[in-house]
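Student: Pasting the relevant annotations from Swiss-Prot:
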- 14-34: transmembrane segment (TRANSMEM)
- 45-65: transmembrane segment (TRANSMEM)
- 75-95: transmembrane segment (TRANSMEM)
- 97-117: transmembrane segment (TRANSMEM)
- 132-152: transmembrane segment (TRANSMEM)
- 190-210: transmembrane segment (TRANSMEM)
- 235-255: transmembrane segment (TRANSMEM)
- 275-295: transmembrane segment (TRANSMEM)
Amino acid sequence: MCSNSNCYVPFFNWYWPFCGVLAIIFQTILLHLISHKSPATLDGLKIFLYNTSCVQIALITFAFLSQHRLLTNSISAAVLSLGPCSYVSPTTCFINYHVFMATSFGAGSAIAITVLFRFFVLVQNQVHTNQTYIMVLASYIAPLVVLIIPFTDKWDFESAQASTALEHPSYNLSIYYPYSGFSNAGSPQFLSATLLLSIGAYGIPIGCLILTRKVLILIRYHSHMSERTKKQAQTLIHGLIVQSMLPFISYIPSFSGYIYTQSTGRELLICEHLILVSSAFPALLDPFISFYFIVPYRQAIIEWVLPKRQQRITTVTSNSTSGFN
């Protein structure tokens, strides 16, 4: 058990630079694959892949800049940041926090419209370029609302600091001071933003599951697809299912800890850190989902990591083809 309120801080001081660098590297590799290894069959999907990757790069960047833990009080909440933003001002960190939350919503929306695009392709047989851009732009409406709402509320960091010190007298918060926070967690703005984020956190995965099930059925009974194309399309949809469920699964530990803390009054220090970790984790893991479930990218990775193995496979395939002819 932890002996002080900052016992996890050294670990996360190491975790965020390491996680941030790895996420940027893997996202850069993914962008290269999208640009150079996407076959013609993925032309319509590329803009959605680009969009998702870019949003996730922004997500991990804002998480690194913040490196915050969220400490809740009875009527307020403190945003305790140790990232680069803390060297500027509490206001900068608070703005960064809201941008991060909006970007987190945007990352979920990016996956949702990718699933929606696949559905429209199967229903309409073709999605026009204008429709594609409209879908991408529309996916930013809700995140933009989430971003704007907090700026209409009153920011009183001194009040948030006072209530935090009063309700958590055993905490050593000197390493964070001065810090930002919400002075009134019951304000209409706070509740509205929380409601929208909750809808996004739970509604997007559930909606994606319902839609992907319909897409898989459409693929199975599609009369103009070859079996090979059907298999590749199904593999891609399975990847989208994993992507859409990842945020939902990631939020369970931190949300469960939050419920436990609110209902029992006992603190779970790790959960204060896990809220940010779980929100940013998809930016680190999502590239691997694309590497595996998008077959051309998987083949490109294998060729790069195991060139000799791929060469042997190509040789055997060529010999088999020659023998057949």
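The count begins at 1 with the first shown residue.
Every residue, even glycine, has its Cβ placed from backbone N, Cα and C.
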Student: Quick test of the contact rule: Cβ under 8 Å, at least six residues beyond the ends. What residues does that give for the transmembrane segment (14-34)?
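Tutor: Residues 46, 49-50, 53, 56-57, 60-61, 63-64, 67, 83, 277, 280, 283-284, 287-288, 290-291, 294, 296-297, 300-301.
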Student: Could you tell me whether the transmembrane segment (45-65) and the transmembrane segment (132-152) are in contact, taking contact to mean 3+ Cβ pairs under 8 Å with a sequence separation of 6 or more?
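Tutor: Yes, the stretches contact each other.
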Student: For the transmembrane segment (275-295), which recorded stretch in the set 45-65, 75-95, 190-210 gives the largest number of Cβ pairs separated by under 8 Å?
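Tutor: Looking only at 45-65, 75-95, 190-210, the most contacts with the transmembrane segment (275-295) come from 45-65.
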Student: If we skip the immediate neighbours and take only residues 6+ beyond the ends of the transmembrane segment (45-65), which ones have a Cβ under 8 Å from one of its Cβ atoms?
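Tutor: Same-chain contacts beyond the ends: 16-17, 19-20, 23-24, 27, 30-31, 34, 38, 83-85, 96, 99-100, 103-104, 106-107, 110-111, 113-114, 117-118, 132-133, 136, 139, 276, 279-280, 282-284, 286-287, 290.
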Student: Which residues, given as numbers and ranges, are at least 6 beyond the ends of the transmembrane segment (75-95) yet have a Cβ under 8 Å from it?
Tutor: 9, 12-13, 16, 64-69, 155, 157, 159-161, 163-164, 173, 175-176, 178-186, 272
Student: In terms of Cβ proximity under 8 Å, which residues at least six beyond the ends of the transmembrane segment (97-117) contact it?
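Tutor: Sequence-distant neighbours of the transmembrane segment (97-117): 44-45, 48-49, 51-52, 55-56, 58-59, 62-63, 66, 68, 79, 81, 127, 132, 135-136, 138-140, 142-144, 146-147, 150-151, 180, 193, 196-197, 200-201, 204-205, 207-208, 211-212, 215, 237, 240, 243-244, 247, 276, 279-280, 282-283.
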